[in-house]
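Q: Pulled the feature table from TrEMBL, pasting it below:
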type	residues	note
DOMAIN	17-478	domain 'Major facilitator superfamily (MFS) profile'
TRANSMEM	84-102	transmembrane segment
TRANSMEM	114-136	transmembrane segment
TRANSMEM	142-170	transmembrane segment
TRANSMEM	182-201	transmembrane segment
TRANSMEM	207-228	transmembrane segment
TRANSMEM	292-313	transmembrane segment
TRANSMEM	333-350	transmembrane segment
TRANSMEM	385-409	transmembrane segment
TRANSMEM	455-474	transmembrane segment
Amino acid sequence: LCCVIPSVRYKALTFALTFLLYTSFHLSRKPISIVKSELHKNCSSVSELATAAASSSQQPSRASLHTDMDCSWKPFDKSNYKQLLGAMDYSFLCAYAVGMYLSGIIGERLPIRLYLTVGMLTSGLFTCLFGLGYIYNIHSLGFYIFVQVANGLVQTTGWPSVVTCIGNWFGKGRRGLIMGLWNSHTSVGNILGSLIAGYWVSSNWGLSFIVPGLIIAVMGIVCFLFLIEREYSLLMTGGGGRVRGKSGYDTELLLPRDNGTVCVPVQQVVVVKSESEPSAISFMGALRIPGVIEFSLCLLFAKLVSYTFLFWLPLYITKAAHLDAKKAGDLSTLFDVGGIVGGILAGVISDKLGKRATTCAVMLLLAAPTIRYSNYKFCSYSPFFVVYLCGGLVNGPYALITTAVSADLGTHKSLKGNARALSTVTAIIDGTGSVGAAVGPLLAGLLSAGGWDQVFYMLMTADFLALLLLLRLVTKELTSRKPRPISTVE
């Protein structure tokens, strides 16, 4: 009992800490979508107001010229601003996708605590640098793209690290529910990022980046001080009443000594030594795990849809519903709230049925018409329930694949207990998904020039492709002789 209680306590600590750590990652990614509408304002309407005001003072031309020059932030004041903003998104997400494949491999070979700490500190640095562009009046597109690329690379340290930590501490019992609750950090981070960025977006958008950058840097220090990677690390440091014996194994005092009068023999508890741990799995070895390729490609299209909403929804709302940047950011949080509920429901249902692929497929099937309908509802100024539902159906499969499915595949029986493969498997799945996350916002920037309807058709197409890629696994699940719920006992 004295060993079980500390284990439960440390599990709770790991759950809460990794939740907060990755919340700060998404909190630092969200400001760019809020600030977009400030980087390029509706200059014509601003110009009309300024011209009307200037006409009363007999200086129309000067006021109009001043407004045209200052209403937007250079170099995003040009007519091709959507392509420029899309290029910034693509720079971050493309670097993130490329870096993710390397990050999982590197993460298996380095202490997770140190690796994650360095990643969070550098992420904070580059997030702050973007905001300093406003403070120091920087108008170079190359500067902003460089910051986005660098930030995309260092942010890849986050996901494989936190998933590996949570996977090391929690077994397969109710993994869908636990991961669904835990994965809400994505939406919580987006919501907090929207609120923080929206607070300063109209007055000083530089602070919309600097404050989140400082938050993730501080959380990096918290990670270094408090994160315990796995129960094995706890054992080696003497947690839970265990001490290191001379023989190299851990020994445990079953009862405390009472003034030297009552002594209890020390019983040796054998744990796996670091020298005998399995070697890290190769990239091709991870691809051979059943289901990795199908779920990776499915996530490519599912994440394409999710990240297009993440990066373009606030700007779309300002154009379709004619709201200011702060109100658009507040409204977009409904999508993230729906994502929290969708991720939890996906985890609970998949635990109950024991069918991860089927759960994802049903939600993807329902998401397609909801995506299309949400376009009409935005244009008719009543998007609240629809965008909430859309967020749940879009983010539910995405959340389930990146958490519970990745953990299941990373601890597949074919690995014969090689838990170090979890980081590589997670990186492959999320890295492939990040390719879609990079392509989606870029396509949105290009297609939106011909009308927002084209963007929504692209999202529906991607959703159907994600569904098709799961059909083989769905068929296998439905035709299995003994459909088995995920056991609550590992």
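Positions of Cβ are set from backbone N, Cα and C atoms, glycine also.
Structural setting of the listed features?
A: Outside the transmembrane segment (84-102) by six or more residues, the chain places 29, 32, 36, 39-40, 75-76, 78, 141, 144-145, 148-156, 159-160, 283, 307, 311, 315, 427-428, 430-432, 434-435, 437-439, 441-442, 444-446 with a CB less than 8 A from a CB of the stretch.
Long-range Cβ contacts of the transmembrane segment (114-136) within its own chain (Cβ-Cβ under 8 Å, at least 6 residues beyond either end) map to 21, 24-25, 28, 31-32, 73, 106-107, 143-144, 147-148, 150-151, 154-158, 161-162, 204-210, 212-221, 223-224, 227.
Counting only same-chain residues 6+ beyond the ends of the transmembrane segment (207-228), those with a CB under 8 A from a CB of the stretch are 10, 13-14, 17-18, 20-21, 24-25, 27-28, 30-31, 34-35, 112-114, 116-121, 123-132, 135, 165, 193, 196-201, 234, 239.
Counting only same-chain residues 6+ beyond the ends of the transmembrane segment (385-409), those with a CB under 8 A from a CB of the stretch are 159, 163, 166-167, 172, 175-176, 179-180, 182-183, 186-187, 289, 291-292, 295, 298-299, 302-303, 305-306, 309, 331-332, 334-339, 341-343, 345-347, 350, 356, 359-361, 363-364, 366-367, 370-371, 373-374, 377-378, 422, 425-426, 429-430, 433, 463, 466.
Sequence-distant contacts of the transmembrane segment (455-474), counting only residues of its own chain at least 6 positions beyond either end whose CB sits under 8 Å from a CB of the stretch, comprise 291, 294-295, 297-302, 304-305, 308-309, 312, 316, 355, 357-358, 360-361, 364-365, 367-368, 371-372, 374-375, 394, 397, 436, 440, 443-444, 447-448.
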Q: Would you kindly list the residues that approach the transmembrane segment (333-350) from elsewhere in its chain, counting only those six or more residues past its ends and only Cβ-Cβ distances under 8 Å?
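A: Distal contacts: 175-181, 183-184, 186-188, 190-191, 194-195, 306, 309, 313, 356, 359-360, 363, 383-384, 387-400, 403-404, 486.
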Q: Hey, which bits of the same chain come close to the transmembrane segment (142-170), Cβ under 8 Å, at least six residues off its ends?
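A: Apart from its flanks, the transmembrane segment (142-170) reaches 10-11, 14-15, 18, 21-22, 25, 28-29, 87-89, 91-96, 98-100, 102-104, 107, 112, 115-116, 118-120, 122-123, 126-127, 129-130, 133, 178-179, 182, 227, 229-232, 402-403, 406-407, 410-411, 419, 422-424, 426-427, 430.
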Q: Which bits of the chain, at least 6 residues beyond where the transmembrane segment (292-313) starts or stops, bring a Cβ under 8 A of a Cβ in it?
A: 29-30, 32-33, 89, 93, 190, 286, 332, 335, 339, 357, 360, 364, 367, 371, 390-391, 394-395, 397-398, 401-402, 405-406, 409, 425, 428-430, 432-437, 439-441, 443-445, 448, 455, 458-459, 462-463, 465-466, 469-470, 472-473
